[in-house]
Structure formats: structure tokens, C-alpha cells
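As recorded in TrEMBL:
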TRANSMEM  B:28-51  transmembrane segment
DOMAIN    B:28-207  domain 'Heme-copper oxidase subunit III family profile'
TRANSMEM  B:71-91  transmembrane segment
TRANSMEM  B:103-124  transmembrane segment
TRANSMEM  B:144-166  transmembrane segment
TRANSMEM  B:186-206  transmembrane segment
Amino acid sequence: MSKNTNSTHTDAFYKEKHKEEMKYQVITFAMMIIFTIIAFGLVAGGFSKYFTIPVILVLAAVQFLFQLYYFMHMNQKGHEMPALMIYSGVFAAILTILALTTIVWW
Amino acid sequence: MTHDEMLRSDNLPHEPEKATLEGKNKFLGFWFFLGGETVLFASLFGTYLALKNSFGSEEGVPTTELFGLELVFIMTVLLLTSSLTSVYAMYHMKNHDFKKMQLWLGVTVLLGAAFLGCEIYEFYHYVHHYEHTFTAHAFGSAFYTLVGFHGAHVVFGLSWILTLMIRNARRGLNLYNAPKFYVASLYWHFIDVVWVFIFTVVYLMGKVA
């Protein structure tokens, strides 16, 4: 029954690996909660808007990457196509937002 | 191994969600769809930013007075936590533990429903106390289109996960439904990603400026 022993070994290996992943995901969650509290705290604290707005936008961008790479597993192998697709989306998204916000200047 | 044995839950391979060609295709196709969704939401965000506090000739309440941070903070924590519980569900799926996966998906659905309840209360409050309606002015239209569209995504995500849970309750986990659960959880995370930008750009920036 050497085949069965082998599969228990691989099972144990993957279980351990999944546990490791979960640990990082829980850390990610804690960081996102902290970032959220900082962002709300900055706004509630009434700091200058030229300081607050860039900082909360950066915090949002970092949370976006956390979700993508840890919660949506983009840090794992075989995610080249997903990365291409989501970043093409982000590229078009930035252009769209720039176009729509600058068009109202005049 | 016969085809039937392959599909049974006690013989699942590593990463059951990507073990079949169908699963791989669903995975790639879904990321393609998420790229498109990003652009769709960007156009709504752009519209909102362009029309923020535009009341035209109508009377209206500006963002600084309209929004309350407490409720939005609770909603943010609810949705963020539901994102974590759906990660837990996928963790149990990878360990081929169907019951625990169902349990955590159930928690995800409950948290999502709580989020939705808060959002409905919020909209009700705006309409009845501030006369901030969809048709009142350009700002109202842009606001409800953006936030409401996200809310509709939450409704769709909840129904999707619930349907999967009920339809597969007695089947257990197999190679046929593992990709479905995986893709639904990706969708749920994406909803949270969009919310991160909504609470930052709409509520927090609205409160500052």
C-alpha cells in the first residue's frame, strides 16, 4: 500500500501549505482593518484635505492589492493571465476616471 | 480510476477548482469578466466625481452634511469580515472539507445580508430626512447609480452563493462544483474591492471636501 502512504504524505504537505496561506490571509485582514481605522480616523480628526485625501487614496490602493494578492490568491502560481486582465482593467479604469473628472473643469 | 470515482469527494485532487479544463476555463474567463467590471465601475466612479455636489437649480444637501461616518464604518467592517469568512470557506474547500466550507459560506451570506440591511436603511434615511432622491438632482442620480450598482452586486453575489449552497447541499464537493464555489468567492472579494473605493472616494472624500 505504498501508494496510500504517499498520498497521506502529500495530503499532510498540502494541509500545512494551506495553513501557512491562511496565516498570511489573517494578517492581511488585520492590516486591512487597521488601514480602514486609520482612514476613518484621519477624516474624523479633521486634518487638512491636502494631507488626508492623498493618504486615504494610498491606503485604498494598498487594500486593493492586499485583496488581489492574498484574498484572491494572485500571489500563487499560474496567475499571469488574471494579472494581465485585471491590470488592463485598471489601466482603462484610470483613463476613464481621468477623462470624466477633467472634462468638468471647463 | 473511473470517471465516477474521479468526481467523488473522497478522491479529490489538489486544487479541485482548477483540476478540470472546465474549471481552468471558468477561472480565466472570470478574471476576464472582473477586468471588464473594473472599467464599468470606473465609469460610474468618474461620473460620480464629475457630478458630486451638482444640484443645478434644485436645493440639495452637500456631501459634508449628508454622509455619516458611523454607519459607513460598520458597513465596511461587515463587508471586510465577510471577505475573510469566504477566504475561510475556500481554505476548507482546498482541504476537501465540504461541511466547514458550507458553514463559512453561510456566515459570509449572513454578513453580506447585514451589510445590505444597513445600506437599505441608509438610503431610506437619505430619502426621507434629506430629500436626497435619485431624481432630485445630478448628484443624487450619480450617487445612487454608483452605490446602488454596488448594492445590486451584493444582492447578486448573495443569491449566487446561496443558490450554490442549496443546490449542492446533498451532492458534496466534487470536481464539477468546486470551480463554481471558487469563482463565486472571487466575485465576493471583488465586491469588497469595489467597496474599499466607494468608502474612500464617496464617503471619506465627501466628508473632507
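Yeah, the Cβs are placed from backbone N, Cα and C, and that goes for glycine too.
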- Within the domain 'Heme-copper oxidase subunit III family profile' (B:28-207) only, compute the mean pLDDT. 95
- Taking residues 6+ outside the transmembrane segment (B:28-51), which of them lie with a CB under 8 Å of any CB in it? 138-139, 141-143, 145-146, 149-150, 183, 186-187, 190, 194, 197, 201-202
- Message: Give the nonlocal contacts of the transmembrane segment (B:144-166) in its own chain as ranges (CB under 8 Å, at least six residues past its ends).
- Response: 41, 44-45, 47-48, 86, 102, 105-106, 108-109, 112-113, 115-116, 119, 123, 133-134, 177, 180-181, 184, 187-188, 191, 194-195, 198, 202
